[in-house]
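Engineer: Taken from TrEMBL, the feature domain 'F5/8 type C' applies to 1-130. Summarising the annotation, TrEMBL assigns signal peptide to 1-19. Annotated domain 'Laminin G' per TrEMBL: 266-446, 695-859, 916-1065, in sequence order. Marked as domain 'EGF-like' by TrEMBL: 448-485, 860-898. Look at TrEMBL and you will find 484-536 tagged as domain 'Fibrinogen C-terminal'. Annotation comment: TrEMBL describes CYS832-CYS859 as disulfide bond. Among the features that TrEMBL reports, transmembrane segment is placed at 1104-1129. Per TrEMBL, the feature compositional bias 'Basic and acidic residues' maps to 1140-1158. The region 'Disordered' annotation in TrEMBL covers 1140-1172.
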Amino acid sequence: MMTDAFWQLPLSLSRLLLGAGGWSPLISDAYQRLEVDLGERTKITAVATQGRYGSSDWLTSYLLMFSDTGHNWKQYRQEDSLGSFPGNSNADSVVQHKLQQPAVARFLRLIPLDWNPSGRIGLRVETYGCPYSESHPLTSKSSDPGLEQKSKEVVSLEFKTMKNSGMLLHAEGQHGFSLSLELDRGKLLLLLRQGRARQHQPPRRLASLGSLLDDQHWHHVALEQQHSHLNLSVDKHMEKIQIPVLSNWSIRQGNVSFFCPEPTSVAVTFPEPQSFLQLPWSTSFSSGTLSIGFQFRTWNKAGLLITFDLPQQKGVVWLYLSEAKICFQIHKAGRKLLEINAGSALNDGQWHSVDFISRHGHLTVSVDKDKVTLFLFFFVKYFCLTLGFLLCQGCPGEGQKQECRNPFEGFQGCMRLITLDNQLVNLITVQQRLLGNYSQLQIDMCGITDRCSPSHCEHGGVCTQSWTAFQCNCSDSGYNGATCHSSVFESSCEAYKHNGNTSGYFYIDVDGSGPIKPQLVFCNMTEENTWLVIQHNNSELTRVRSSPGVNQQAVRFEYPAEEEQLLAVIRQSEHCQQELSYHCRKSRLLNTQEGSPFSWWLGGPSPGRVQTYWGGAHPGSQQCACGLQGNCVDLQHYCNCDADRSEWTEDSGLVTHKGNLPVRSLVLGDVQRPGSEAAYRVGPLRCRGDKNFWNAAFFDKETSYLHFPTFHGELSADISFLFKTTASSGVFLENLGIKDFIRIELISSQVVFSFDVGNGPREVSVYSSVPLNDNRWHQVQAKRNVKEASLQLDGLPVVRQQAPADGHFHLQLNSQLFIGGTASRQKGFRGCIRSLQLNGATLDLEERAKITPGVRPGCPGHCSSYGSLCHHQGRCVEKDNGFHCDCSQSAYSGVFCQTEVSAIFKPETSISYIFKEPFEFSRNSSTSPLSISSNMPPKGEDISLSFRTTQSPALLLLVSSVRRQYLTLLINMLEVRYKLDSSQEAEVLRSGGRSLADGQLHSLHIRRLTDSVVLKNYLARLGSLGYSGCLSVVRFNSVSPLKAALLHPNNSPVVISGPLVQSSCGSAASANPYAAENTNHLSDDPGSMGSGQPLVNAMKTDSVLIGGVIAVVIFVVMTILAITARFLYRRKETYHSQEVKEVKQEDSQDFHYNHQADSHSVSGENPKEFFL
């Protein structure tokens, strides 16, 4: 059948023509269409196409439209953004497409998009389905009418409308509750009202479904209630809601007419910026009135709506959208003569009406009933003309003239009810090429699509859209990415620690991109183990106050975290604990004579389960810690408090069984007797260890792999893991579908993320300039959603690839997920994979590796990657799961050897560090600790320290031996003195810059290569003056004497004279180092409690001590670092010929040093040149 532009087939011909023939229009262009009349409303489930028999004519892609009346067409979309259907590749094969959601319509329209370039449009088509059975306009049924409370109530209906607001259904329930289904701005709302005076209470919105439901097409609505749950579905979208139980539904339908009038208006769609509609328009203006009117809807903020010329006056009129407002302008000779603005927020997808009227010298522009009127006496002549044409959006033809070029953005949206001088334009005649001209239009339909319904923005991201795309605003959501899918926070304190952070408050997101919200916790990183701390509303020691007539006191603890957050933290942690303490005097705790407990507590998932044991004992034992250990004050009882003594005692311990955490509440019973007193304390929840962070597996063969259930990431997928290997290539992960797949692999120095969601294979790759097979940990983050795919490797820039605007976006997989290999057992990965997470869920590689040949659980060797986190000579030490920093050889402390160790000295304070003594030395001896000796001669000295003082002169440091060898560091300007040989004079190195006794923090690093030193008497006299100021991070070779004195005084060879209290005076941020200081030692948490006496105050008596120590005035330094003063016997001639020794100052570059003789203190000393 050779037709032109349009052909309509009856139902009997709506099937494939297996013999000769087929449909082929005379002209093959984009304006052709084939229309099928099925004779009645039909439920269409599939469409199949075939090329024209015995020819080179077939379609390669097409659009499918449907309608009930042959007008007001609607495009069918397989997915929310996929509008086109793939066609044929030859004339004979049949390509069938099953519709994901059946279409109910009488008419089908097939519009060719592309065809065989070597042929023409050719088509045979067949539809599949069955007649649609009409149902009652409103139906309601109950699964068991006799049991109303157990019945399953179902209400379903279909509706179509041109109005965007109105009530569809109202249902009354018990206790004054009512539900209503209302259409509001094209969306269907489910509203709940309560009380008799409902008109005075705003309704509660339970759900909002659907969008653009005022399109005059049938929409199916169903409500299904069972007990307190209600399923609301609109077309293919459903939402589950919890509501009060409604029985004996009373449904009000209002005035009902059992017929449905069809619309008379015809809409036109401008799908592309180049789309245009040209209409003829002539008027003599004899009536003195000129008018234009139309309605439009769009998502775009800008676009040209209408323009026409004023030929005789050489002017032009523009009516356009700008910033979602209507702008009306008249231009002449490039000069703006008039501008009118009206309306606002007109890009909301709703229909808006625009009217332009010029009557008797007045110009009126109306937008949705809002009018702007101007008196135009001198402009009237512009409209007393016959206009050549009116142009809706753009210019006709390709060869546009200069004066026809559009200075505005193209309009994309829909228009309808276009009137010229109050005469409605017949757009059907335009479609038939009988009126005007057009290009790239869709007539008799509004093809607007709401890309934000349902919204693809996750985690509370706000969706906005234009005609072709949507955007997600992720501000303040805690997530990022194109769809707000990925969390910006780490999943645990352990992860923050290994990013180099120190103790503090952090947001953690335990399930990454999962549904659990981020929560604020305290991370204590001061110990080898990293503790996550969650406080509750009362972690202080609190007295129990009895109330008359009340035999039991109940206390409930409220946690700031939500229930699912708490349980996820406990589940993810390797160990959790919570202190449970009871202080008592004549107040029994657990055991009565009958065996029932006086007191108990509730713990575990909310609201908690009753527990009858106390902290430190086993679950279910009805004992306290002392009963388990056998050391209660009365061995006949299993708790100290059960002895019922008049003296204060306590039962305390840790609850460590994770299934019973957190502690929810306490019920205390024996508090009413005369003389009974008690206090309780429930500490914060503390958890350590992240089971997911170090979860790893080692693949030792290319043929080895782990397999897991199919990965479900249809709309959003994020995959993150760490790997290390010595191999140059291998597949990390693969999951296959029938056609779709997802794969991440290593290829030489790049990581490749490849996938197919139905649009053909795509790849995103990141190249690394450093080798990836260096046996160090590297991190991979691959993400894919409906808007884009991205890949990041380590800290390299993210590589992104945009998804097609109108393509497939559902990732459909059905095979097993392979880790470390493929289903073909080729190109497998050899090495370690760790912390593998898919959409926030961690795969347990270790458990699966235990039962899989060729794969071993765990993966050692973390220091090669994380060793750089250990600072200041800290040493990385391997652990089974992770590592820790050994700071024993560092002058710093802390998890990563970054915490400076400082003290303030006063003249009466000194520290002596004894390396090795030639005689027995007692800490209580009055012998001067200045003498230090060693039998092993050092190869040189490496000294570093920081100080601040205002005293000058002063002795900072003295290293000496019993053989009168010494090295000193003095503050006058800055001076280093040392004696290498008893037969030689002392060497002096002195700065030539400003004084360092200025109260500012200065850091020094001194390195010396020499033989020996000797102590002079005048140095002892100078040391007797003492030192007043601050010393910090003092280090002599591998020894840190100040750190040893402050942190380990009992097991270090140090002698301390005078008061010594730790301070933060060595911190660069310390503003007043000489004032009294509070140094916070983070112990339990930011609210940890001191022990002390339990009942000092009447209410809460636990002191909130964060380990602070007040360090006030401290001490002078003769920081006598007693080092092994090695002496090397050399001949005098050798010493004289010795090269100049080097003293290198690395950290202070503000000073220029000169070495010279000290004529004031040491006459005759022989100066030599050194470098500091």
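Each residue's number is its place along the chain shown, starting with 1.
Glycine too: its Cβ is placed from the backbone N, Cα and C atoms.
In TrEMBL, annotation is done automatically, which means it is predicted and not curated.
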Engineer: Would you mind checking how many other C-beta atoms are within 10 angstroms of the C-beta on CYS832 (disulfide bond)?
Structural biologist: 22
Engineer: Tally every other Cβ atom lying within 10 Å of the Cβ atom of CYS859 (disulfide bond).
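Structural biologist: So the number of other Cβ atoms within 10 Å of CYS859 (disulfide bond) is 24.
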Engineer: What are the DSSP helix, strand and coil residue counts for the domain 'F5/8 type C' (1-130)?
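Structural biologist: Secondary-structure composition of the domain 'F5/8 type C' (1-130): 3 helix, 71 strand, 56 coil.
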Engineer: In the domain 'EGF-like' (448-485), how many residues does DSSP assign to helix, to strand and to coil?
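Structural biologist: So the counts come to 0 helix, 10 strand, 28 coil.
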